[in-house]
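A short write-up of the structure that comes next.
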Amino acid sequence: MEEGSSLLKNLSAGLRREAGIYPTWVVTMLAAILILTIAGDILGNLLVIVSVFKNKNLRKAGNAFVVSLAIADLLVAFYPYPLVLIAIFHDGWVMGYLHCQLSGFLMGISVIGSIFNITSIAINRYCYICHSLRYEQLFSGTNTMCFVGLVWAFSFLAIMPNLFMGSLQYDPRVYSCTFAQSVSTLYTIAVVVIHFFLPITIVSYCYLRIWALVIRVRRKVKPDTQPRMKPHDFWNFLTMFVVFVLFAVCWAPLNFIGFTVAVKPTLGSLIPKWLFTGSYFMAYFNSCLNAVVYGAMNNNFRKEYKRIILSVFQLPEGKRNSHFAVYTLMPCFTFKGSVKCTQNSETSAEDNSTYKLPATRTTGPASSATCSFLKTTPLLFITLAYLTPSPAAVRQVCWK
């Protein structure tokens, strides 16, 4: 332990003696990207978890893996990423050997857990769409929880060898304690194949089979011909397919670099530093993307996001009713004299009540430029809604 800590201190000290390993603007950009990633990771994945537990339409067997994937992404946001940020600010690792090993260990569990959960989601979607008659038996509540437990058990087992191989080391190029690709050629190849290429192959097979079924169903002339796919089933599949594609795109550069260096170590010195660093931070950024995909492509997630956020920022009842009515995060703002907005037709049955503001006297036409600006500036709109001294300033606010 003391020897490892001493080596780590020497490496960090050596880094500080290097004159400008990165220009100031690059360091600032890396810090900004990581701060954005941490914020998006925490807020987005907490929204995903709360949405699944609160919305009965989302409490399905397949979404157990979605929650598990969100937890895997949260692991890095609460501990490893903040330590990387500290290393960026100090231009070297100052947290000691134990934190280095622990952060690298958790980062590895998060990555492996993510790819294993994405693989499980693909298998779940494949069984649901292509083997629907056996789906309820395969993915019963008990079986699903067992599968989730197995995902995490395999994730822990897969990362354990790193503790004994000494492959978790601080890399000054990416300011983090991570898997050292040069420790063992065979081990690095095994890691890349088992943790990336094999899962990607399984997921690709599942989604190709689903796409084949989708194309076959859409070419059917008779509407009653089996098999059939409901629109929401297709969109659920498409959502998870996009999640998979984003993960593959974000992590592929880093894994290809690792595989190349393992096969031919002499190429390691030829890889540009900017490419190596960019591949790492591109992989880091993936942890905050899934929640955005769910909200953009899944109506149930989108509605639950709205409810959760509005419940957090809700005004007292009297003030809210006198100033504005809230429906979602994308406002349609109309001043007096402008065209009225209507409530979104997609509102669910339990939320179909009509919100009306008291009529106000019109004093003149609204500025179309101002209205257009406010439509594209939700945060400014919310601020104005809170600070407006009188409801006479607003004709009506509706949310699409």
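Quick reminder: no glycine exception, Cβ is built from N, Cα and C everywhere.
Taken verbatim from TrEMBL:
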type	residues	note
TRANSMEM	20-53	transmembrane segment
DOMAIN	44-294	domain 'G-protein coupled receptors family 1 profile'
TRANSMEM	65-90	transmembrane segment
TRANSMEM	102-123	transmembrane segment
TRANSMEM	144-165	transmembrane segment
TRANSMEM	185-214	transmembrane segment
TRANSMEM	234-254	transmembrane segment
TRANSMEM	274-297	transmembrane segment
Distal contacts, the transmembrane segment (185-214) - CB-CB under 8 A, six or more residues away: 111-112, 115-116, 118-119, 122-123, 125-126, 129-130, 158, 161, 165, 167, 179, 227, 229, 234, 237, 241, 244, 248, 251, 255, 258-259, 261-263, 265
Residue numbers, six or more beyond the limits of the transmembrane segment (144-165), whose CB comes under 8 Å of its CB atoms: 61, 64-65, 68, 72, 101, 104-105, 108-109, 112-113, 116-117, 120, 179, 183-184, 187, 194-195
Contacting positions for the transmembrane segment (234-254) when only residues 6+ beyond its ends and CB under 8 Å are counted: 62, 69, 111, 114-115, 118, 121-122, 125, 129, 196, 200, 203, 207, 210, 214, 275, 278-280, 282-283, 285-286, 289-290, 293-294, 297-299
Most Cβ pairs under 8 Å with the transmembrane segment (102-123), selected from 20-53, 65-90, 274-297: 65-90
Residues from the same chain, set at least six apart from the ends of the transmembrane segment (65-90), whose C-beta lies under 8 A from its own: 27, 30-31, 34-35, 37-38, 41-42, 45-46, 48-49, 52-53, 99, 102-104, 106-107, 109-110, 113-114, 117-118, 120-121, 124, 144, 147-148, 151-152, 155, 174-177, 243, 284, 287-288, 290-291, 294
Mean of the pLDDT scores, which run from 0 to 100, over the domain 'G-protein coupled receptors family 1 profile' (44-294): 90
